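Here TrEMBL flags Glu101 as active site, proton acceptor. Annotated ATP binding site per TrEMBL: Gly25, Asn26, Ile27, Ala28, Ser29, Gly30, Lys31, Thr32, Thr33, Arg160, Leu161, Lys162, Glu163, Arg164, in sequence order. Residues or ranges marked as domain 'Deoxynucleoside kinase' in TrEMBL: 21-224.
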Amino acid sequence: MFSYFSQGKLVRNEKEKKLVIFIEGNIASGKTTCLEYFSKTSNIEVLTEPVSKWRNVRGHNPLGLMYQDPTRWGITLQTYVQLTMLDRHLSTMSAPVRMMERSIYSAKYIFVENLFRSGKMPEVDFAVLSEWFEWITQNIAIPVDLIVYLQSSPQTCHERLKERCREEEKIIPLEYLEAIHQLYEDWLIKKTSFNVPAPVLVIPADDDLQKMLHRYEENREKILAGSNV
Ligand SMILES: Nc1ncnc2c1ncn2[C@@H]1O[C@H](COP(=O)(O)OP(=O)(O)O)[C@@H](O)[C@H]1O
Ligand SMILES: O=c1ccn([C@H]2C[C@H](O)[C@@H](COP(=O)(O)O)O2)c(=O)[nH]1
């Protein structure tokens, strides 16, 4: 699986240069819809977030438990998110371009950070998760060439979230989406909080579906720059 070290990190052995793009954005900002649109292009591999795993690991639902009692179950969910995202990052690419929903970075910089800052994650849980995250990112190369940020208002996300009606998320208040939004803005727009591992392309994402699909098409070249797709 890993065949050589580069700058002290384990690196996957891919024969040709491939393009890896993260699609980032708030909950219900339209990431999955965006990925669905690009999945129709041949030579693009799309990896959605492993939410089904987060809702069912050996019969348990860490996502649901976290929303019910974040202080008790936040570390449980985020440990599993970190593992499943790492597994996604390291999986063998089946096409020249990979578009992937979120990343191990947003799991830590947005969701873990939010739990900790809002006082819902004990300091010891945050410390353990941070040690894991730092070990992983210092020792394993996580390929990424571009981050596409779907920038949407928390209000829009709240409307879409209610429409989507995922059982576990019914209790999410607007304030939660506002906090996630602020963390994303600090990370990817102001670039004042954490390391940004690749260039960022910002796509405004508050418009209706038709306009959004048109906007994705307009941005296709910018997104796929450097690939032959
Ligand atoms: N541009 C849009 N306008 C209105 N509704 C949208 C738009 N994009 C997505 N939706 C709907 O909003 C909900 C959340 O979209 P989704 O793509 O699942 O977001 P995410 O993957 O970011 O959580 C879904 O019900 C989806 O059908
Ligand atoms: O690190 C993470 C990543 C995601 N979540 C939650 C947030 C949402 O409830 C779901 C993912 O849904 P999207 O619609 O793809 O945003 O998982 C989390 O708690 N921690």
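Note: Cβ is positioned from N, Cα and C throughout, glycine not excepted.
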According to DSSP, Thr33 (ATP binding site) sits in helix
Taking the Cβ of the residue listed as 'active site, proton acceptor' as centre, how many other Cβ atoms lie within 10 Å? 21
Per DSSP (three-state), Glu101 (active site, proton acceptor) is strand
Three-class DSSP assignment, Leu161 (ATP binding site), comes back as helix
Given Thr33 (ATP binding site) and Glu101 (active site, proton acceptor), what distance in Å do their CA atoms have, once rounded to a whole number? 10
For Leu161 (ATP binding site), just count the other CB atoms lying within 10 A of its CB, please. 21
Binding-site residues near ligand 2 among Gly25, Ile27, Ser29, Thr33, Leu161, Glu163 (Cβ under 6 Å): Ile27
Across all chains shown, how many C-beta atoms besides its own are within 10 angstroms of the C-beta of Ile27 (ATP binding site)? 21
Which listed residue (Ser29, Thr33) has most other Cβ within 10 Å, given these are binding-site residues: Ser29
Ligand 1: which of the binding-site residues Ser29, Thr33, Leu161, Glu163 have a Cβ closer than 6 angstroms to it? Ser29, Thr33, Glu163
Where Leu161 (ATP binding site) and the residue listed as 'active site, proton acceptor' are concerned, what is their Cα separation in Å, rounded? 17
